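What TrEMBL says about this protein:
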{"type": "DOMAIN", "residues": "11-93", "note": "domain 'GOLD'"}
{"type": "TRANSMEM", "residues": "153-175", "note": "transmembrane segment"}
Amino acid sequence: MNYFLMDPHSEECFFDRAEAGTKLGLMFETVEGGFLDIEVRISGPDQKVIYQGEKESSGKYTFSAYETGVYHYCFSNKMSTLTPKVVMFSMEIGEAPKGTVGAVNEGEAGHTKLEDMIRELSGTLTSIKHEQDYMHVRDRIHRSINESTNSRVVLWSFFEATVLIVMTVGQVYYLKRFFEVKRVV
């Protein structure tokens with residue numbers, strides 16, 4: 001997981017090299033700042049836009065590299081005028097596909113099949129770890145929102161209680177004065 005601070009009116013781009021057929025996965029989350037929204041763009045080696053999203057707070061996008069080269073993924077905060085934003089992202093790159101020419105004997109075929117299964121299991125475990133990190137960040141964001149809301153409710157309750165007590169004392173004083181008999185001696 002990578003975190004970075006993105007200033008207003010700025011764009012941050014990252015890149016990874018991938019072989020044709022490789023599975024790539026981008027996962028991102030706007031952690032802090034403003035309305036928690038950014039613009040995302042993924043482009044291929046020929047600058048062809050693979051994915052583009054506006055005003056997104058989080059997302060997960062998986063695709064296969066269509067040709068060998070450098071793939072760019074850019075995050076933009078150009079729509080924000082004052083608010084910097086903290087963005088968390090992870091780019092997961094799978095193994096490049098290998099062409100199997102054909103096994104000489106069954107032992108090698110079983111061995112390569114076992115290696116492929118181990119690679120697949122490793123990739124799955126890595127994606128599970130990334131998903132757990134992503135969920136941890138989301139939990140932290142939602143906990144912060146809940147705690148903020150809770151503190152506002154508590155402060156508002158104290159304010160209401162204070163107003164109620166002041167009004168009660170005021171009414172008792174007013175009614176006491178209303179029924180008070182004034183004697184002239």
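Using N, Cα and C of the backbone, Cβ positions are placed for all residues, glycine too.
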Check the domain 'GOLD' (11-93) for me and report the mean pLDDT.
88
Looking only at the domain 'GOLD' (11-93), what are its DSSP counts of helix, strand and coil residues?
0 helix, 56 strand, 27 coil
